[in-house]
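> Sharing a structure here in C-alpha cells format.
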Ligand code: F6P
C-alpha cells in the first residue's frame, strides 16, 4: 500500500503561528521567562509533567507555555504524525527509500497479546503481521534458550561482542546499565573499532576454551566487523581453538554469509529492523546472556508498555510526542542546535553514545521524503556524560556560555547499592543543576552572573531495571520518530554513511602503493605523510 503524502511541518499554518510566537516581542520567544511562569502559575509543574510507563517526565522547566504547546500539538496533527505512527505499527513500508517496513516494535510485542486480541477490530491491523510475529517469537525463544545454555556453561567466562554502530552501541549500553542484574562469573567485552588496538587489548586476557565470540552484524558485510571477526577466528585457531560451533555465534539478517564465514550457530532477524533499533532482536543476545531470559523478557515488556502508550495516548498526554515536539520547537523556532544528555547514574554512561546514533543517524537528514532540500534544520547534536562528572567539565558552558543548550536529565530514585549518603548527594546535584540553569544568579554581576531561564527536561525512573530501561529506550525511539515525522524526513535510512565507506576502500590500497592520482591536494599530502618513514 502506498504511504500517503503528509504535509511537512513548514507547509502548515501551525508552523507559521509558531514562528510568530517565537518572535513575539522582538526577542527569542518574547519575554517568556521560566521564573515568571512558575511565579504566575502554581500548577505549572503538574501541567507540564506526566507519567508514562516506567518513566516520570517533568517538562515544566522548558521554554514553553500553554499556547505554544497547543500550537505544537496542532502542528503534529496537521503533519499527520498519528497516521504516520499508525502506518508504522501496521507494517506499512514507511522507510520509503529502502522500501522497508519499520517493525522494531514487533520485537517486543508479546505473543499472547496478539492471540488474545485476535478477534478485536483494534488488532485487525496486526493480523497482517501474524507471520512476522510468529517468526519473532520463534527466534526469540531459540535465542533465549541459547542464552540460558551459555549462562549455565561455566567454561565460558568471556563473551566478546564484535559489531559496530547499532550492533554494538545498544547491547553495550544495556549490558553496562543492567550490571546489577548480570550473572556473576561472566565478563562482557565489546569490540567495534577496526583499530586493532581494541581487539588486541581484549584478546590478550582471553583463552579460546573460555571465550564465546558473538559476531553481530545486520548485513554481515560491515568492514570493521568482518575484519575483527577474521582476526578473532585467526586468534582462536592460532591458540588451538577447534570448536567453532561452540565458540562463535552470528547475529545477522544475512545467515548465508555467516555460514560461508564458517559460523553454524546463527540467530537471524529481518530487514525491517533498523540497525540502531536492533537491540531488541538477536543483536540483544549479549544482554540476554547477561540478564537471562526473564530479564530480557522484562526488558521487552517495558519497551512494549511504552509502545502501547505511544500508540494509544492522545497527543496531549503522549510523552514521546511531547518530547519530539519540544525538539522541533527548540531546533526550528528557538534556534538551539544541540541537546545535552545528563544521566545521573553511572551505569547509564553509554546512554549518550547510544542516543547519538538513534537521533543523529535517524534524523540527520537534509532532504524530505520526496528528496527536496529542507529549508530548516533537523537533528540536534546530542552529547553528554554522566552527572556529576559533566558538572566538573562542561556545565560551565551550559550555565554561562553564549549558547543555550537544553539539558535532558535522567535520574533514578532508588539506588542499587547501600553506600550511605551517595545517592542523596547525587540526586541533590541533579536537582541543583536543573534549578541553577533555570533560576540563575541574576543579582550577581560580571563573572558571577548566571542569566538563568535555561531549559531542561527531567526524566525520572523509579529504579533502573530491565523493564524501566526498555521503556526509556522505546520512549527515545518514538520521540525521534515524532520529530522526524514533523520534519517530513525518512528517519529510517542512513545513506550518509556510504560515501566514506566507498572512499576508504579506494584509499586503503594507496597506503601501500603511494598512488595519489586523482586525489585532492590535502588527501594526497596526508597520504604521503602517513607513508613517510
Ligand atoms: O554504517 C552505518 C551502519 O549501517 C549503521 O546503521 C549500523 O548500525 C552499522 O553500520 C552496523 O551495520 P551492521 O550491523 O550491518 O554491521
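Cβ atoms here come from the backbone N, Cα and C positions, even for glycine.
Taken from TrEMBL, the feature active site, proton donor covers 361. Per TrEMBL, active site is recorded for 392, 501.
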> Are there any residues in the same chain, six or more apart in sequence, whose C-beta is under 8 angstroms from the C-beta of residue 501 (active site), and if so which?
223
> When DSSP is mapped onto helix/strand/coil, what comes out for residue 501 (active site)?
helix
> How many Å lie between the Cα of residue 361 (active site, proton donor) and the Cα of residue 392 (active site)?
29
> Let me know how many other Cβ atoms fall within 10 Å of the Cβ of residue 392 (active site).
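Other Cβ atoms within 10 Å of residue 392 (active site): 10.
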> So if I draw a 10 Å sphere around the Cβ of the residue listed as 'active site, proton donor', how many other Cβ atoms end up inside it?
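By my count, 22.
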